[in-house]
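A.B. asks: Mind having a look at this structure? Questions to follow.
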Amino acid sequence: MAGPCCSPWVKLLLLAAMLSASLPGDLANRCKKAQVKSCTECIRVDKSCAYCTDELFKERRCNTQAELLAAGCRGESILVMESSLEITENTQIDTSLHRSQVSPQGLQVRLRPGEERSFVFQVFEPLESPVDLYILMDFSNSMSDDLDNLKQMGQNLAKILRQLTSDYTIGFGKFVDKVSVPQTDMRPEKLKEPWPNSDPPFSFKNVISLTENVEEFWNKLQGERISGNLDAPEGGFDAILQTAVCTRDIGWRADSTHLLVFSTESAFHYEADGANVLAGIMNRNDEKCHLDASGAYTQYKTQDYPSVPTLVRLLAKHNIIPIFAVTNYSYSYYEKLHKYFPVSSLGVLQEDSSNIVELLEEAFYRIRSNLDIRALDSPRGLRTEVTSDTLQKTETGSFHIKRGEVGTYNVHLRAVEDIDGTHVCQLAKEDQGGNIHLKPSFSDGLRMDASVICDVCPCELQKEVRSARCHFRGDFMCGHCVCNEGWSGKTCNCSTGSLSDTQPCLREGEDKPCSGHGECQCGRCVCYGEGRYEGHFCEYDNFQCPRTSGFLCNDRGRCSMGECVCEPGWTGRSCDCPLSNATCIDSNGGICNGRGYCECGRCHCNQQSLYTDTTCEINYSAIRLGLCEDLRSCVQCQAWGTGEKKGRACDDCPFKVKMVDELKKAEEVVEYCSFRDEDDDCTYSYNVEGDGSPGPNSTVLVHKKKDCPPGSFWWLIPLLIFLLLLLALLLLLCWKYCACCKACLGLLPCCNRGHMVGFKEDHYMLRENLMASDHLDTPMLRSGNLKGRDTVRWKITNNVQRPGFATHAASTSPTELVPYGLSLRLGRLCTENLMKPGTRECDQLRQEVEENLNEVYRQVSGAHKLQQTKFRQQPNTGKKQDHTIVDTVLLAPRSAKQMLLKLTEKQVEQGSFHELKVAPGYYTVTAEQDARGMVEFQEGVELVDVRVPLFIRPEDDDEKQLLVEAIDVPVGTATLGRRLVNITIIKEQASGVVSFEQPEYSVSRGDQVARIPVIRHILDNGKSQVSYSTQDNTAHGHRDYVPVEGELLFHPGETWKELQVKLLELQEVDSLLRGRQVRRFQVQLSNPKFGARLGQPSTTTVILGEHDETDRSLINQTLSSPPPPHGDLGAPQNPNAKAAGSRKIHFNWLPPPGKPMGYRVKYWIQGDSESEAHLLDSKVPSVELTNLYPYCDYEMKVCAYGAQGEGPYSSLVSCRTHQEVPSEPGRLAFNVVSSTVTQLSWAEPAETNGEITAYEVCYGLVNEDNRPIGPMKKVLVDNPKNRMLLIENLRESQPYRYTVKARNGAGWGPEREAIINLATQPKRPMSIPIIPDIPIVDAQGGEDYENFLMYSDDVLRSPASSQRPSVSDDTGCGWKFEPLLGEELDLRRVTWRLPPELIPRLSASSGRSDEDGSVAGGVEGEGSGWIRGATPRPPGEHLVNGRMDFAYPGSANSLHRMTAANVAYGTHLSPHLSHRVLSTSSTLTRDYHSLTRTEHSHSGTLPRDYSTLTSLSSQDSRGAVGVPDTPTRLVFSALGPTSLKVSWQEPQCDRMLLGYSVEYQLLNGGEMHRLNIPNPGQTSVVVEDLLPNHSYVFRVRAQSQEGWGREREGVITIESQVHPQSPLCPLPGSAFTLSTPSAPGPLVFTALSPDSLQLSWERPRRPNGDILGYLVTCEMAQGGAPARTFRVDGDNPESRLTVPGLSENVPYKFKVQARTTEGFGPEREGIITIESQVGGPFPQLGSHSGLFQNPVQSEFSSVTSTHSTTTEPFLMDGLTLGTQRLEAGGSLTRHVTQEFVTRTLTASGSLSTHMDQQFFQT
């Protein structure tokens, strides 16, 4: 091996390492300001700090080396700790060897804290390397056919391996799951043979170790048989870990590429997922090999599954690369998993594994091109980063490499200064250094001996103890004395206890030495504060000089000896006066306009006026705004003796008026004024001259004559009334005796005996340049009786103004292909994803639509396949406006129009196109010049829109006519009223003509991008817009080029744009199949807007050539046209904007030619309309924009103005302000899992002020006074979307303090704090604990989990669509249910006789089920039984902040609470049971309702398309005999801002009542107050001393001799105005109310599908400002995924939002806030669950899909029984929300409380809808 100094490469490496060492910057302040007492402390302050040991040196000894030399310290006396980097082993890379190599192999480096060194690292991967392939296969029963296929494809796999490498080995292992409950059926017969012809269950077995003998491999594989287990997830993680660590048993070779193929179709178990708790397996995996002689895993019964971080670390350590071959059923789980492995592959395995060979080949080539380099075993004090100047990184951090070449990488090694506030040199030795293994994916790597320099200064080891130089009172070391206690001074000659020494330091009249600002040392003051205090007695404070605007010395000077020393050009006591008079120069270049003098940078005018500006010039804009109005009253009283100053007040006017015959013209005077005299309605006029400030001797000229209107018109009123009565009489006679008038009058509701349909308007006038679309929605009305259904056929004809146009169009070639537009209404609801092209839902539906429609239109001769299929919604279409409209285009011959129309109408009448369901009564067929269609009026619908195409073409006339005609009513009894609608489209003068430069371009594929110029000829300078799209010819999209479409917008003055089309390389297959054919495609312009017209050519052809055959003619050329003339001034040149901070932008430019008087700057937020721009005037060519938003993009431009007016604006410039630290995060929320485990979540800061990059969570113990105990632990959450953390192993019954702060590019923001003790929180029902999809922190453990995400409980569900579930065929016969509560959770007490996925999860209020399927514990009978429940404690989420965080009115805490759900379960789980469904619910009567949609497949009375909602309530709310029922009504009446009257009705009871109990407390926690009322006749109570604007929960219950009854609960808030300084004190006499007027109305949820719902709400009654829109937040109620936000614009009475992409059976929390001009208002909150159980273990129960809501609070209770009951919600005495009758017999009811809408769908299929009167709380 060559020595490290002999190689030129090593010299280059050392030179690069020396150059890369970070140089000291301007950090002298840091070294100087550090309060260090020794050399060692100084050296550790910063990497650039040095220490002077010169005894004669008198300055500060700790400084940078350069500063010390400059201050006079000798070079040999300066002590500096130098870092070092030395290569200890370096063997040159030999590319002829067929193995992976690195260089260098050994390195030793020592770094100072904060220092970074870099070096070059080389890695070589050969073209062909040895490969070890180990196949690990799932052997559960569902993989039986996969095993059979693997046995048959031996030759193919061997062939592929030989193609990959000549040196390979192959092995095989199998796994199922742990042989324990509940994973495996433990019955003896099932342990012997779980399936026919199968092996006993096992965990993992190494069947065939890695071998070169392929024949032996296949012979052993033939004898393998399948096995089985119970649950769907498998135990593959155990198998992967054993395969990695058992290197000798598996047979991994040292210098080969290790590939592990993991084949399964199921999800996986992982550490602490809860399954092992049931079997008592609690120990963590020890990460060791545990295989016996037969290769079987032996510790499956004693150790848990490994975690994801463990597998990632161990596979990387042993150079093993995983290849996940999984089926579609489990693809989503492994798609998340494989991203955590630096180098891995994921492929979709077919159901029978027939494609495993192809998948393996593809994965091998993908893996070979990626290389990951990681630093293993790195100590905490060192950070390693690997970069490359030539190689690209992937999203997982690996590099794209080329095999056979040496890759060069830059390794950056940095020593950190501190960790969590502790200096690195104070950490343990193992954290300061160690052996770092820099390891590539396929080789051993580089060993680095790295450490942080924490040595003690040598001079401190050589100190003179009790030195004579220190008067024997101290030690001399490092050039100075370190005095003993009680002595000070440079030579320790001053006694700190001697009073006489302080006398020279006492100022006259003071008793403190050095004025209390310093220390007296040997008769001399040494001032504190590092320069803050000065003077002989430290009497001057340099922070107490005069300030201006808060700045010391106006930031224009420095404070010295108590006075400001100003910078040049400034003067004054606080440096606030400029010496220059530049700010006093007027627009003419003079000083103060000659009417004043300049002092301290300001003009002092000789004569002050309201209309003079800062330079004593006349402000004409101010004159125009107020002058006329100021003079009006005086002119009116002096000239005419009228007005408000008539009489004596007129004598006070400061001027006189003069009546003249004629006034001067407006342009000759300052202002021409005109007003109306209120006394006689006449108009008088007068002029104002001069400077606009008439003085005592001034005269105002007034016109002598007034302009008066003609005589009075009051006599016309009786005449008009008479004429109107006569007209009404004539209309009545016409209707009676004239038949022709009946049709017209029939359109009026008052005159119609039947019902009619007709268009609302008869004429529309449109301007083409203002049109935003090529269609028009024309309303059609139905009058009279709205019962029944009517359909109307219509047609529209284009260009009716041209005689014979239709005949000419028909005479063209009948075989020519023309596009026909088709629109149909599908039988499914529309979602937002459907309207977004490219989403999976949209693509799936598009494929389904095109397949079915193509099948139908095959009957049309010459028809092509459908294209341009899109989906949308159409409003105003009756009751089906939420359904999906599909628009598509069909190419067919011109002669096929009639056949196409008849075929479409026939299929629409049938309600289907092949297998595609469509809604009858709606279609549109659009031809070249006409269109036909049909619309439908459903029952009760009065208005629908008819969407007609407008046939916008470039060749249209300047004024063209279209005619819309209602043809007939094929279905229904309506007669046609207004049948015709005329549409006139006026084409304005075009603002520009847009076209291509050339009709054809030739480009080379080697250019990768075709750049096609588009030009505009400006006719009228304004905006122009056109659409563009590519079309295939001989070139095909996605094969030769990437298709594009979009819109081009030309701003004023723009004449040139460029289209870019990405070109694709020609594949060999294409060149062989398609030969040498010239490939071309077209780019087409269309749909001009904003007055644009298409010129010629509007279509261009792009010819693709190869690299050596193209004569490229596509020239990128910027065309520009001179701007139109604007006066004598041009546009300012070279505008430049630069951010000057987070809220400032400096904008400057070069002046244009000419003499501008000033500049006008226009700026606005990018994306806003220019009409919302702000304007600034400037006299100089620069301006500073202030009061901006942080991290916001602004656009700006500037123009000059002069005497001729404004010139043209400059080009647009954009600039982004800097980031500012974010505000504190939103409120902290705690989901208490147990007394030692909590889930912490928080909201994003209200003001992010930039891009949030991370959050820091700190938590630590506090005492009873909330003071910290010990250090706080910090957790960095570097994914800003993940605002959730699971903290485990907290101490029992100990309060913790939690803080969360956010970071953006500007730094860390303030903290949000909360203190909570988990033990004091209420217990909640729990299921098996499943680790959510969030970071997990062990409060007592290390940091193993901090950088990895775990998986949620969805991995435990088997695929719903799987036809072969991997479970046993025995489902058991019953179960045992035991409630599991809080910290009493002990899963070892629980046993199941069913698989976990078949066990229903019941809430605490639902009782438990026995083996027979009936409800136990208080159940009486089958149909009318009741279940006894308990009253839960207040939810813990109201204590989310750990302090009394009172809720404002309308917040989530004031209106919403969580309640238990009503659950319906089947009576048995066997596949052969009856269809009996038993509904259960809690007996606790609450003021909340749950919403559930239920569908039974066996009933047949309701179609599946109906989304109905069922409100399930207690069937019998009565309890035991003699116990009072719940008080039936709870009514609140506000008596004042702090007092409330609570009333209720006497409950039903079989015994005599003894009294009542009223309890109340703050909704978000606090002291519980209780009032006992012994008088049973008293049903009201007055509560005093409530807090204003705070929500209270009240509970009322009655008592009899048998005990207390159930309670009635209600929540109320008294709103009132409070004192600004004391928010708990209401203002005397202020109004008070019980409403929440600034929150949105109640949230109403409607299920659309199992994964989407529709949310609607009403606008706030009294919003704070004008409503701009709403912000809707959707998040999982229990956490697990980042929150989603939606913006809904507009101010509608009722707003709606469709939310797709939800999960079934998962509770979601929705929050709605109104966004107003004053900001965001309070939230309205609701919790909802879409419940769905389709197939799975309950195939006989059909489909159960609906909504479960923890809904809004309201005074409402209902009982559903077989008879009609009345439900009356009350808000206060005498005001009811209305009465609802709920019919329980065969009806499904959707009910929303408070302000509510009730819809009832009966079993017979008829639908009735009514809207109750809506009330708000008052």
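Placement of Cβ uses the backbone N, Cα and C atoms for every residue, glycine included.
Below, the features straight out of Swiss-Prot:
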type	residues	note
TOPO_DOM	29-712	topological domain 'Extracellular'
DOMAIN	30-74	domain 'PSI'
DISULFID	C31-C49	disulfide bond
DISULFID	C39-C457	disulfide bond
DISULFID	C42-C62	disulfide bond
CARBOHYD	N328	N-linked glycosylation site
DOMAIN	459-493	domain 'I-EGF 1'
CARBOHYD	N493	N-linked glycosylation site
DISULFID	C494-C522	disulfide bond
DISULFID	C505-C520	disulfide bond
DISULFID	C527-C538	disulfide bond
DISULFID	C545-C559	disulfide bond
DISULFID	C566-C575	disulfide bond
DISULFID	C577-C600	disulfide bond
CARBOHYD	N581	N-linked glycosylation site
DISULFID	C592-C603	disulfide bond
CARBOHYD	N619	N-linked glycosylation site
DISULFID	C628-C673	disulfide bond
DISULFID	C634-C653	disulfide bond
CARBOHYD	N697	N-linked glycosylation site
REGION	1115-1137	region 'Disordered'
REGION	1402-1433	region 'Disordered'
DOMAIN	1639-1735	domain 'Fibronectin type-III 4'
A.B. asks: When neighbour density is defined as the number of other C-beta atoms within 10 angstroms of a residue's C-beta, which of the disulfide-bonded residues C49, C527 has the lowest density?
C.D. replies: C527
A.B. asks: Want to know which disulfide-bonded residues, from C31, C49, C494, C522, C559, are within 10 Å of C62 (disulfide bond) at Cα; which are they?
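C.D. replies: Those near C62 (disulfide bond) - Cα within 10 Å - are C31, C49, in sequence order.
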A.B. asks: Just name the most isolated of the disulfide-bonded residues C39, C653, going by other Cβ atoms within 10 Å of its Cβ.
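C.D. replies: Sparsest of the disulfide-bonded residues C39, C653 by Cβ contacts within 10 Å: C653.
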A.B. asks: Just give me the nearest neighbour of C634 (disulfide bond) among the recorded positions C42, C49, N493, C505, Cα to Cα.
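C.D. replies: Among C42, C49, N493, C505, C505.
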A.B. asks: Go through the chain and flag residues at least 6 beyond the ends of the domain 'PSI' (30-74) whose CB is under 8 A from any CB in it; none is fine as an answer.
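C.D. replies: Here the qualifying positions are 22, 24, 80-81, 112-115, 417, 423, 425, 454, 456-457, 459-460, 469, 478-480, 482, 530.
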A.B. asks: May I ask which of the disulfide-bonded residues C592, C653, C673 is closest to C577 (disulfide bond) if we compare their C-alpha atoms?
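C.D. replies: Result: the closest of the disulfide-bonded residues to C577 (disulfide bond) is C592.
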A.B. asks: So what sits near C31 (disulfide bond) in its own chain, CB-to-CB under 8 Å and at least six residues off in sequence?
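C.D. replies: Spatial neighbours, sequence-distant, of C31 (disulfide bond): C42, V45, D46, S48, C49, A50, C62, N63, T64, E67.
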A.B. asks: Long-range neighbours only, meaning 6 or more apart in sequence with Cβ under 8 Å: which ones does C505 (disulfide bond) have?
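C.D. replies: In sequence order, the residues whose Cβ lies under 8 Å from that of C505 (disulfide bond) (at least 6 apart) are P513, C514, G518, C520, G523, R524, C525, F537.
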A.B. asks: Using a Cβ cut-off of under 8 Å, list the residues of the same chain at least 6 residues beyond the domain 'I-EGF 1' (459-493) that approach it.
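C.D. replies: For the domain 'I-EGF 1' (459-493), the sequence-distant neighbours (Cβ-Cβ under 8 Å, at least 6 residues beyond its ends) are 37-40, 51-55, 57, 61, 77, 79, 521-522.
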A.B. asks: Counting by DSSP, what is the helix, strand and coil composition of the domain 'Fibronectin type-III 4' (1639-1735)?
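C.D. replies: So the domain 'Fibronectin type-III 4' (1639-1735) is made up of 0 helix, 61 strand, 36 coil.
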A.B. asks: With C494 (disulfide bond) as the reference Cα, tell me which of the recorded positions C559, C600, C603, N619 is the closest one.
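C.D. replies: Nearest in space to C494 (disulfide bond), counting only the recorded positions, is C559.
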A.B. asks: Measuring Cα to Cα, how many angstrom lie between N493 (N-linked glycosylation site) and C522 (disulfide bond)?
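C.D. replies: That separation, Cα to Cα, works out to 8 Å.
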A.B. asks: Can you tell which of C575, C673 has the least company, meaning the fewest other C-beta atoms within 10 angstroms of its C-beta, among these disulfide-bonded residues?
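C.D. replies: Each of the disulfide-bonded residues C575, C673 was scored by Cβ atoms within 10 Å; lowest is C673.
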A.B. asks: Quick check for the class: what is the C-alpha distance, in angstrom and rounded, between C628 (disulfide bond) and N328 (N-linked glycosylation site)?
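C.D. replies: Between the Cα atoms of C628 (disulfide bond) and N328 (N-linked glycosylation site), the distance comes to 80 Å.
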A.B. asks: Taking all residues of the domain 'Fibronectin type-III 4' (1639-1735) together, what is their mean pLDDT?
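C.D. replies: Mean model confidence (pLDDT) across the domain 'Fibronectin type-III 4' (1639-1735) is 82.
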A.B. asks: Between C559, C566, C600, which of the disulfide-bonded residues has the fewest other CB atoms within 10 angstroms in the structure shown?
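C.D. replies: Candidates: the disulfide-bonded residues C559, C566, C600. Fewest Cβ atoms within 10 Å: C600.
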A.B. asks: May I ask which residues of the same chain, at least 6 positions away in sequence, place their Cβ under 8 angstroms from the Cβ of C538 (disulfide bond)?
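C.D. replies: Sequence-distant Cβ neighbours: C514, S515, H517, G518, C525, C527, Y528.
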A.B. asks: Going by DSSP, is C505 (disulfide bond) sitting in a helix, a strand, or coil?
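C.D. replies: In three-state terms, C505 (disulfide bond) counts as helix.
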A.B. asks: List the Cα distance (Å, whole number) between N619 (N-linked glycosylation site) and C603 (disulfide bond).
C.D. replies: 15
A.B. asks: Can you grab the distance from C545 (disulfide bond) over to C575 (disulfide bond)? Cα atoms, rounded to a whole Å.
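C.D. replies: About 10 Å separate the Cα atoms of these two residues.
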A.B. asks: Among the disulfide-bonded residues C522, C600, C673, report those whose Cα falls within 10 Å of that of N581 (N-linked glycosylation site); none is a fine answer.
C.D. replies: C600
A.B. asks: Rounded to the nearest Å, what's the C-alpha distance separating C575 (disulfide bond) and C39 (disulfide bond)? Just drop the number here, would you?
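C.D. replies: Rounded to a whole number, the Cα-Cα distance is 42 Å.
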A.B. asks: Cα-Cα separation of C559 (disulfide bond) and C603 (disulfide bond), in Å?
C.D. replies: 29
A.B. asks: I need the most crowded of these disulfide-bonded residues: C62, C520, C577, C592, C628. Count other C-beta atoms within 10 angstroms of each C-beta and give me the top one.
C.D. replies: C62
A.B. asks: What is the nearest of the disulfide-bonded residues C39, C457, C522, C566, C600 to C592 (disulfide bond), using the Cα of each?
C.D. replies: C600
